[in-house]
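Participant: Feature annotation from TrEMBL assigns domain 'GHMP kinase N-terminal' to 60-147. Per TrEMBL, ATP binding site is recorded for P88, L89, G90, R91, G92, L93, G94, S95, S96, A97, A98. Residues or ranges marked as domain 'GHMP kinase C-terminal' in TrEMBL: 250-316.
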Amino acid sequence: MRIRVKVPASSANLGCGFDAFGLALALYTDFIFESGTHEGEMLVVRGEGADKLLKERCKLVYDAIRVYEGYTGYKVPSFKLEIENRIPLGRGLGSSAAAIVGGLVGADALCRRAYGGINYPSTNQLVRLATEIEGHPDNVSAALLGGLTLAVSAPAAAAPYFGSNASDNEHEDTAPAEFKNIDGGPAWRNPLVVSLPTPANLTTVVFIPSFEMSTKEARAVLPPSVTMQDAAHNSSRAALFIAAFTAPGGKLEWLAEAMNDRLHQPYRGQIFPQLPALIDGAQRAGAYGAALSGAGSAVLAFTTRERVPQIHEAFLKTARELGLNGRTEQLEIALGGPLIGYEL
């Protein structure tokens with residue numbers, strides 16, 4: 001039995017929503033779990049950045065499986081794993097979140113097939129486990145739920161159970177005690193995740209530079225505190241961002257202002273000085289709004305399908321003028337989260 005789990009790429013922050021907003025994108029990495037007795041290699045990796053993926057991201061898949069086992073008490077049956085990666089690494093497109101989600105969803109599917117029964121984690125609980133590993137909920141929430149998401153968390157020692165998550169308490173409340181998340185920060189508990197509507201004609205164009213940006217480095221340049229003025233600026237823009245998607249009929253023309261950020265992009269511009277020009281070029285060409293994707297280096301622009309060619313050209317023209325190598329891709333918004341298929 002082969003179980004294929006297709007996990008979407010994701011873009012976090014979207015300008016104003018640092019560590020809160022996430023967007024699933026229709027660029028998928030496939031995780032193929034083959035259960036049973038095997039000969040030969042038990043791990044095969046193909047696709048974009050395969051060598052680096054084998055060294056770094058694959059550990060996250062197995063970390064996720066270990067956390068799943070510790071949380072549920074199930075032993076995941078033995079398996080061979082094949083990974084077909086399409087998500088560029090080090091570009092802020094959720095490659096680490098995809099690895100974590102692939103591990104959790106694959107473990108869940110293997111256990112459900114092997115053991116039956118009903119006592120398995122809900123999607124909310126999988127979000128929480130993924131957040132434990134990733135250290136922040138934005139990418140993993142989008143990858144697990146699909147679409148546009150808002151995720152709110154607090155450290156486990158302080159966080160209550162939120163809203164609809166309150167009943168998701170049949171398992172233990174913490175991951176294994178020895179577990180440390182990617183950021184080395186505190187464990188997080190039961191994020192509240194809200195799915196926001198997206199118009200049918202909305203799509204994205206993403207500029208993907210040829211260079212990678214380290215998430216660790218991109219976080220290291222952030223200040224330990226910000227001014228009240230900058231905090232107020234971002235809180236109002238985050239509210240406007242939500243209003244742009246939820247107002248009757250949508251008000252996507254508000255996105256350019258809503259995605260105007262003061263908490264992280266100005267500082268990350270120190271290691272990516274071409275960022276403001278790329279954002280400005282896309283918006284001048286008709287994009288509703290644009291922002292650094294996650295910690296970078298990709299830049300994402302919201303647009304209609306009719307304007308996609310103009311945004312492509314604007315990104316590439318700006319990049320040429322700045323001496324920056326890269327490519328563009330139109331990526332649809334991925335609705336529904338991971339896709340799971342069973343192959344005999």
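Please read every residue number as a count from 1 along the shown chain.
Using the three backbone atoms N, Cα and C, a Cβ is placed for every residue, glycine included.
Just so it is clear, the model here is predicted, and its values are computed rather than measured.
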Participant: Can you give me the same-chain residues 6 or more apart in sequence from G90 (ATP binding site) with a CB-CB distance under 8 Å?
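Facilitator: Spatial neighbours, sequence-distant, of G90 (ATP binding site): E212, M213, S214, S297.
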Participant: Using DSSP, how many residues of the domain 'GHMP kinase C-terminal' (250-316) fall into helix, strand and coil, respectively?
Facilitator: 33 helix, 10 strand, 24 coil
Participant: By the count of other Cβ atoms within 10 Å, pick out the sparsest of the binding-site residues P88, G92, G94.
Facilitator: P88
Participant: Return the residues near A98 (ATP binding site), defined as same-chain residues 6+ apart in sequence whose C-beta is under 8 angstroms from its C-beta, sorted by sequence, else 'none'.
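Facilitator: V7, P8, A9, S10, T29, I87, A143 - these are the non-local Cβ neighbours of A98 (ATP binding site), listed in sequence order.
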Participant: Within the same chain, and leaving aside P88, L89, G90, R91, G92, L93, G94, S95, S96, A97, A98, name every residue whose CB is within 8 angstroms of the centroid of the CB atoms belonging to the recorded ATP site, in sequence order.
Facilitator: A9, I87, G294
Participant: Grab the pLDDT values for the domain 'GHMP kinase C-terminal' (250-316) and give me their mean, rounded.
Facilitator: 97
Participant: In the domain 'GHMP kinase N-terminal' (60-147), how many residues does DSSP call helix, how many strand, and how many coil?
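Facilitator: Its residues fall into 54 helix, 8 strand, 26 coil.
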